[in-house]
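Here the structure is laid out as structure tokens; the discussion comes afterwards.
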Number of protein chains: 2
Amino acid sequence: MSIPSKRLNSVNSVGLVKTKELTLFEEEEFYFESGAKLSPIDVAYETYGTLNSKKDNVVLICHPLTASAHAAGWYTKDDKRPGLWDPLIGPGKAIDTNQYYVICSNILGGCYGTTGPASINPETGKEYGLNFPVVTIKDMVNLQKALLDRLGIKQLAAVIGGSMGGMQVLRWAVEYPDFVEKIIPIATSGRLKARTMAYNQLAIDAIKNDPDWQNGDYYDSNRKPTKGMALARKIGMITYRTSEAFQSEFGRDRIEDKDFYSLDNQFQINSYLDYQGEKFMNRFDANSFIYLTKAMDLFDLSRDYKSFEAALSKIEAENLLITIDSDKLFPPEESMEIVEGIQKVGGKIKHHQINSEVGHDSFLIEFNKLDDPIRNFL
Amino acid sequence: MSIPSKRLNSVNSVGLVKTKELTLFEEEEFYFESGAKLSPIDVAYETYGTLNSKKDNVVLICHPLTASAHAAGWYTKDDKRPGLWDPLIGPGKAIDTNQYYVICSNILGGCYGTTGPASINPETGKEYGLNFPVVTIKDMVNLQKALLDRLGIKQLAAVIGGSMGGMQVLRWAVEYPDFVEKIIPIATSGRLKARTMAYNQLAIDAIKNDPDWQNGDYYDSNRKPTKGMALARKIGMITYRTSEAFQSEFGRDRIEDKDFYSLDNQFQINSYLDYQGEKFMNRFDANSFIYLTKAMDLFDLSRDYKSFEAALSKIEAENLLITIDSDKLFPPEESMEIVEGIQKVGGKIKHHQINSEVGHDSFLIEFNKLDDPIRNFL
């Protein structure tokens, strides 16, 4: 059971919101981890609540792979759904906008307003495509830091995020230890395991196999790699939910009027996956998907440090790590490496495990299960 | 640890073998479950050991999805590897050819000698392609029965098989109860769950998305759907092994000389999957893969019966069901539905669970773990 998203006119909604844009690195260049540099960089971000005079009541939300800066509120009165974490962000909610100034920015390499492969390279007047530099989680965090600097933020009361957002949260705490007071990484990993990288490879293969991908140069073309994107999404979906969730929702239920002795899709599970693929294929940029997926593969908290523990020993923030017991993408055992590592180096960390039948996606659906742990920790 | 395949000159090898061919249904037609009919049908099969005078010492091996009739022995002295289950089949082995006459035939719809979508339709002189009738597990079993009839076999001492082979084993016991004395279904299911059908859909999508598939009409073309087939195989691989197996074998190990800041594959797990995809894409027919994968989706032991238990109640054979504790494709819980169902209807069934770190593929790798249970049961 999830708490339904409150309606726009609900008293504890952040209400109508707008995505803001800032252009950074107009003078100096942004340096990627790889040494590549870029100028300028647009950043799309949203804010909810009010910045206090000390500018230290900021909660930064780090969004997962295919999301945007739209973490809460409604774009229009007729919006069908609010921002991704709306049930958790607002006046009196777990992340209380009466107390906190909440910021969420679209990540570097994304395709919802922040500069990424689908953005126009001012030098050529064409989309960057595969000429965009390889992006890492650290690069995303560094751009978020630059945005906060520009906004005059001196301190983060908390950084919170799930899945790839959780990787950013961990990187924040390691790279900017005295800037961050509290962190809540959710359903995430300190470094991807081989099997998760395998899933990522399948999704990227699905896109690259699509001739309409055209080696990333599809922007001026009528042909977009929609089939590849749809398949990439379906591959993802299989990791986001448990087998039990699929079984209880679809089982072997058939699509009405479909022939049994046929090669066509005829089961409800087929129809569900096709629907998910179709919803996704036109809403996300294929190159952006490839870059962000690669950023996950490359993420290893221990890189540039002597060991995984050495990286964790940099963290000064108070920690609440949240795992989901049925998570097949980042199973609790994988996250526990972080808990145990921090304990090993004498750091403090709380661990909360969510019991869920949903799997990884629980952190985007079962908001009631996140509400108390986040509220109490903040 | 697996028992290494014995060399050709080993005393307990079945030695050099040849695949035999028979043409069935030259006069009358073969009726598919769907009502479609076909004539004639070639069947490729191998036999090991000697048929006794009563013709009742026969063990039928049902092979899994992408295999052939080559269950044991060597084709040539220079062969790099023997038949699929060679360590289990031979003089003195678990399936003892001193005692049993072992038969394994390529399944209907396959592409290793038995008629399938890649076979020539004598009426058109062209490959059947997508004009081939939809094949079910029951159709495969019915063709095996026709082969045994032609060979004069009156009784099966045992039917044994894993994965999709296990589905054939179960169907055999339900459809021909008085023909089968013992069955050993291994790492299998009585009806696929939604998530397994989802994996199947991804693999089929991967092939159909490949423009070189050409709606199944690629036989006379220079272009074959190799990319789609490679991806389909990689999707399969992820279900055949455990996350732990991938992690202990590959972890985050990188391919030498690959740039870190790159979109290219750079991890050993990537290299492994690419290798598996490449090995597969030229050895199997894409349409055959689609038909056989669909046959799994359509498999439901309870179809044509009032209930799952009603189907199981038809079984008269002695049963040994083998599960693999780490099997992610057909987890033990799924197979236990069969055990519990048979117990419910008052039937007898033994259950043996293999402890393995490999996952589903254990039944094709860890022969030492199958040896005792099969030997003792036979």
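Every residue gets a Cβ built from N, Cα and C, even glycine.
Because TrEMBL annotations are produced automatically, they should be read as predictions rather than curated entries.
Annotation source TrEMBL lists active site, nucleophile at A:SER163. Residues or ranges marked as active site in TrEMBL: A:ASP327, A:HIS360. Summarising the annotation, TrEMBL assigns substrate binding site to A:ARG233, A:ASP361. Look at TrEMBL and you will find A:58-342 tagged as domain 'AB hydrolase-1'.
Geometry remark: A:HIS360 (active site) versus A:ARG233 (substrate binding site), CA distance 15 Å. Other C-beta atoms found within 10 angstroms of the C-beta of A:ARG233 (substrate binding site) number 24, with every protein chain shown included. The two recorded residues, the residue listed as 'active site, nucleophile' and A:ASP361 (substrate binding site), have Cα atoms 9 Å apart.
Once Cβ contacts within 10 Å are tallied over all protein chains shown, the recorded positions A:ASP327, A:ASP361 are led by A:ASP327. Cα separation, A:ARG233 (substrate binding site) to A:ASP327 (active site), rounded: 18 Å. Rounded to the nearest whole angstrom, the C-alpha distance between A:ASP361 (substrate binding site) and A:ASP327 (active site) is 8.
Mean pLDDT across the domain 'AB hydrolase-1' (A:58-342) comes to 96 in this model. DSSP gives A:ARG233 (substrate binding site) a helix state.
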